[in-house]
Amino acid sequence: MDLKESPSEGSLQPSSIQIFANTSTLHGIRHIFVYGPLTIRRVLWAVAFVGSLGLLLVESSERVSYYFSYQHVTKVDEVVAQSLVFPAVTLCNLNGFRFSRLTTNDLYHAGELLALLDVNLQIPDPHLADPTVLEALRQKANFKHYKPKQFSMLEFLHRVGHDLKDMMLYCKFKGQECGHQDFTTVFTKYGKCYMFNSGEDGKPLLTTVKGGTGNGLEIMLDIQQDEYLPIWGETEETTFEAGVKVQIHSQSEPPFIQELGFGVAPGFQTFVATQEQRLTYLPPPWGECRSSEMGLDFFPVYSITACRIDCETRYIVENCNCRMVHMPGDAPFCTPEQHKECAEPALGLLAEKDSNYCLCRTPCNLTRYNKELSMVKIPSKTSAKYLEKKFNKSEKYISENILVLDIFFEALNYETIEQKKAYEVAALLGDIGGQMGLFIGASILTILELFDYIYELIKEKLLDLLGKEEEEGSHDENMSTCDTMPNHSETISHTVNVPLQTALGTLEEIAC
């Protein structure tokens, strides 16, 4: 029976589940728990409710599963700016060592490293060299009665590397003259390089308020091919090209020009139209980025290039007990012998076989610069004579050594590329709430009603248990009292008529 008999009055009352079903906002259950016997209508309503509940659980589990797959979407936008910070520009001559600056002591210590001499300090293939160069090299490589002096790789690179003051023919930024003093010396795998707008030494970062040519950096360089080292052997540092390597990067990112730079050839004016990109990536579990504020051992700001340099430095120091000149830290610089026998092979091994040693994640915030390059030939036939007179160089020399580099913003805007969470908690709750409303007509308040019903049900059961314990204790006490009273059943000769509606408490008193 769905109706239960009241213990106090003997009347029929609805059960607690029936009361809840008829007062709850949960759809359908009032038709299941109705007063009366089981009917087909109640069964159909029960099937419909259970089916809807099953569909709700299936759809909700799918939404929860999608949330925990941590998907992301990418938002691309273009923002117009009033002004933009001009990027740092690092440039290196592809020839790291000026031949005329080499000394006998340099060749004694580093001749094999430069592939100019063999292990016996002899010129390996003299027939490949230009006679003039060969004669100069023979004079410098004459070690008869020579007493070697101390040798420092840092001093060697600083002295022998190309000097920007000699290379630069003119420099302009936004139409205003600039010079070698506006560049900072940095060391890379190419040796002595120069960075424009580095922001170091307390110098303010340069900005630009216009896009297009004439509103950026324009420099004319002489790459000095006459100073290039003769090549008759190959090492890790050997290059067969002539020109400069250039990298455009943010000031917080160290140059990694050997992998990220682009080449600029002599005999051409190269136009580089760039656009700033600001990228935002998500951390785990939505992405794989690492916070830029989490610095490294040798760099305060995290970036992929900083991570690579940091990792290579630690690897070389661990394996060779020294560091290359372009590497940060306080370990001693590698000698030429350590360079050739340990450092260079170790870097090659790191790149080829031990790539898992340097796993550098993308920073969560990154600034990079897209580039579009175009070139025109210089000098033109009409300007050749003028340039010959201006620089006191032949047309052949100008064509083989002079280049012009023009770097500018394509437009005064920047592009934002941002990863966003495809599915957040608010969307998950909204979807589940919508499914609940669709299938069972429930809401958050309905769930609160369920919890309230469960609470009242538990409270009622606990009170019933406590009431029964008190009733049993009272009954035992009454039984002991009745045993001490005299038995009057023999003296009572008439029948007591007790109405059927008399309360149980009165009957107990009469019975006692």
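In case you wondered, yes, glycine gets a Cβ from its N, Cα and C as well.
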So Cys193 is in a disulfide according to Swiss-Prot. Which of these is its partner: Cys92, Cys171, Cys178, Cys289? Cys92
Annotation N-linked glycosylation site in Swiss-Prot: match it to one of Asn365, Asn487, please. Asn365
With respect to Swiss-Prot, which of the residues Asn22, Asn392 bears the note N-linked glycosylation site? Asn392
Candidates are Cys289, Cys307, Cys482, Cys512. Which one does Swiss-Prot pair with Cys364 through a disulfide bond? Cys289
Looking at Swiss-Prot, which of Cys307, Cys311, Cys482, Cys512 bridges to Cys360 via a disulfide? Cys307
Here are some disulfide-bonded residues: Cys92, Cys334. Which one has the most Cβ atoms within 10 Å of its Cβ? Cys92
What are the sequence-distant neighbours of Cys289 (disulfide bond), meaning same chain, six or more residues apart, C-beta distance under 8 angstroms? Tyr281, Leu282, Pro283, Arg361, Thr362, Pro363, Cys364
Largest tally of Cβ atoms lying within 10 Å of a Cβ, found at which of the glycosylation sites Asn365, Asn392: Asn365
In three-state terms from DSSP, label Cys307 (disulfide bond) for me. helix
Considering Cα atoms only, can you say which of Cys92, Cys193, Cys320, Cys358 is the nearest neighbour of Asn365 (N-linked glycosylation site) among these disulfide-bonded residues? Cys358
Pull out the disulfide-bonded residues from the set Cys193, Cys307, Cys334 whose C-alpha sits within 10 Å of the C-alpha of Cys342 (disulfide bond). Cys334
